[in-house]
Structures are given as structure tokens and as C-alpha cells.
Amino acid sequence: AAAGRPVDEEVSSDSETEGPLLGRRRREAVAAGEEVEETPQEKKLRLAKLYLEQLRRHEQERAAEEEEDPQQEDLIGDRLKEDVLEQKGRLQRLVAKDVQPPDPASIRVFRGHQLPVTCLVISPDDRFIFSASKDGSLIKCKWEVESGKKLCVVPGGKKGTEEQHMGHVSHILCMAISSDGKYLATGDRSKLIMIWDTATCKRLHIFTGHRDAVSGLSFRKGTHQLYSASHDRCVKVWNVAENAYVETLFGHQDVIMGLDSLSRECCVTAGGRDGTVRLWKIPEESQLMFCGHQGSIDCIQLINEEHMVSGADDGSIALWGVTKKKPLVLARQAHGVQDAQGLQQPYWISAVAALRNSDLLATGSHSTSVKLWKCSEGFRKLEPLWDIPLVGFVNSLKFSAAGDFLVAGIGQEHRLGRWWRIKEAKNSICIIPLKRRATAPSPQ
């Protein structure tokens, strides 16, 4: 469908009138005298065979690396069982009990952004970090985790210089990377979404259509389907590989502050001051609404397919199950309180992170520390583990896929505003090593 388009042409959700991509491809096939696309059953069978073949190759390669000779059927069977558990949200690796207190001296600090870091992502193979800032000349950096080298910088520009710059010309607020590591998406205050090739750092597409700042991005796991959220209160769906807009979903009553997704065809959003977390079911174009925080819900992440964690500016952290409208557990004043003009105010929760399919969480604020937490008793209890000293606004947090390290994006200011400034903070990327005791976690 995108074959005739220039590589860097803007794609707008407003100009797309053809409807779903599937219908358009089917019409084009009929017009060309070709056979109509395969039936849903045929497609399922083809994808299942393809998945099994990929699985077989992956397990053969892994066995060869480890110089083992296990039964192929056992490997594939174990992997399939694990995938089924993950899909049902029942795969939980109990790793929190083995995490040791991080040594502050072991934290590595990468400097490169002139102004506060607003967002970051880690490549699926844990080798690279992509980060963005709200510099006057906004920069998107590609860092090598092992060496700390800055491999790629895409400078932005000032307003009015859009034609001269490949990068953004306003604050970048969010970013996402596809699960195959091929595409990077970035969203800014100027309502634009840019798609980049992660290997070359070249811009591929620009998506337009949001009517306000783009505040959340997430690729659906295993696909090139991209979800975007905005201060215009809507969620949009894009197909990055096809360079096309798919649909728009409405429901929030205030600006959307964050978004996340996993492998199911759905996403979750944090609704700011409308006080709701929402689960969007994309095929059904329906939504589930969850309430529990008292303040603005500013950040959210899925722990697995059935549970999620959110943070708010009232200082609370909530754990949710997708079948319950109220939080399974709500930790108030999670980062303590501050004395603001004679009033005791809780520290805002500005970032949350979950090690996927595990019981380990991390939260950030401007309280001079990042906190690690353990989820227990079926996500009905939240236990504080360790405090990691970091000065500044923690605007973004991400665990590596293997859980070996945690990355924090630090700024002197909050990612969304300039209400106050922490002068002693350094605008930087901090890599926090996470060491565990020798016991190997097993899926529960």
C-alpha cells in the first residue's frame, strides 16, 4: 500500500479515508485481478507454522551456543508453555527477593543532553539506549551500553527551521522501539510522530493527525503496530511497516499522560486529571475504565498481560488487575513528603518501570532516590526493597530485558514543565547495575 509513497512523506490520520488496511489491500487485489486474501483460518495456520519454525531455529541456535544436545521437542514444548503463560498473564519470575542493594559507586552516568532528559528506551538486545531531551536543539542519542560511547546524535532545530532539520523542533516527550529493534518512534510537543531506522538513525516517516502534544508511544510486541496518545485526549493506531494510519479512539476527559502495551491487541493509558486508567481493546473499539488515584495520573506500565502499575502526582503508586476497577493495592506517599512553602506535600511520582513478567518494580520522583519494590501476594501487596540515590527529576525509567540493569533519565526539571528547577541535578542517563543472588528464578 505504501509502495508508491516517497520514503519520508508525511502520513496524516486526517487524510486517511480508506478505512482499515485489510479492506484496502483486498480491494486493490480484486482490482488487479488477483485472488482475494487468505481466510482467517488459513492465516492462523500459516502464522502458527511460521512461529514454530522460528522457535525451532532459535532453540537450535541457543543449544549450539551452550554446547548442549537437548531433545528438540522438549525445548519447543517448554517455550510454548512459557508463551501461553505469558499471554494469560500468569508467567511471573520471582526475582525481587534475590536483588541485592545497588552500590551507588557502580552507577554509570552518561552526559550528552544540554537540558533535561525526557524519555528513553533500551534496544531489545540490551546493547543500546536511545534517549531524548527538551534541549533548545533537541537531540536523540544512541548510546552503547557496554562502552558508554555516543554512537549517533540527531540534532533538532528551532521553530521555523523544520525544512532544514531531520530532527524535532520542539520538546520530545516520548519514544518507543519495536520488539525486533528495527524501528524507533518519537513524539513531540508539536503534534508530530517521527519514525526512525534504529541502525542508521535516519528518519523514515512523519505521522501527523494529533491536535496537541504527543505524550505516549508504544509498539505492540511482535508487530510494527504503533499506538500513540496525546494531550488531545485520543489514542491513535498506526502501521509503521505500511507507513499508514489505522484508526482513532476517544474516551479520556483530560490530557493523556502515558501509554503502554504488550502483545495483545490492546493498550493502557494514564488519563491525567480525569482520574482514570483505561484499557483499550483495539479490535472491539471498546475500553475498560479504572479509578483509584486522587491526583493526576502521570505514568503507567504493564507488568504482564493481566497487571499494571501507575503513578500519580498525589504521591501514590497503584497496582491494578485488568478484571478489577479499583487498585489491588495503593501505596500512598510512596516517596515521602516535602515541605513546600510551609505545607507538607507528597513527592510526585514521575516515572514507573516494571521488569516484564516479574515481581520487580521501580519508581522515580524528585525525592533524591529511585525506589525498588517487590510485588507479593498475587499483586495485592507492595513491599519497598531498596533506595538508589539519584538527584533530580526522574523523568523516565526502564529495566533491561534481562533485568541486569535499570536506566534512569534524569533532568533538572520535570519532563512536562518548568515549575521548579533542581540546580544540583545533572541532565544525564544513569545506568544502575542490578546484581542478584546466585539462585535462579523459576516461572511460577
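Placement of Cβ uses the backbone N, Cα and C atoms for every residue, glycine included.
Here TrEMBL flags 1-41 as region 'Disordered'. For 110-138, 165-206, 207-248, 249-290, 290-330, the entry in TrEMBL reads repeat 'WD'.
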Rounded mean pLDDT for the residues that make up the repeat 'WD' (249-290): 94
Surrounding residues of the repeat 'WD' (290-330) on its own chain - C-beta under 8 Å, 6+ positions past either end: 86-92, 257-264, 268-273, 275-279, 336-337, 346-354, 356-358, 361, 363, 365, 373, 375, 378-382
Secondary structure content, the repeat 'WD' (249-290) (per DSSP, counts of residues): 0 helix, 22 strand, 20 coil
DSSP-assigned states of the repeat 'WD' (110-138) in counts, ordered helix, strand, coil: 0 helix, 14 strand, 15 coil
For the repeat 'WD' (165-206), the number of residues DSSP places in helix, strand and coil: 0 helix, 21 strand, 21 coil
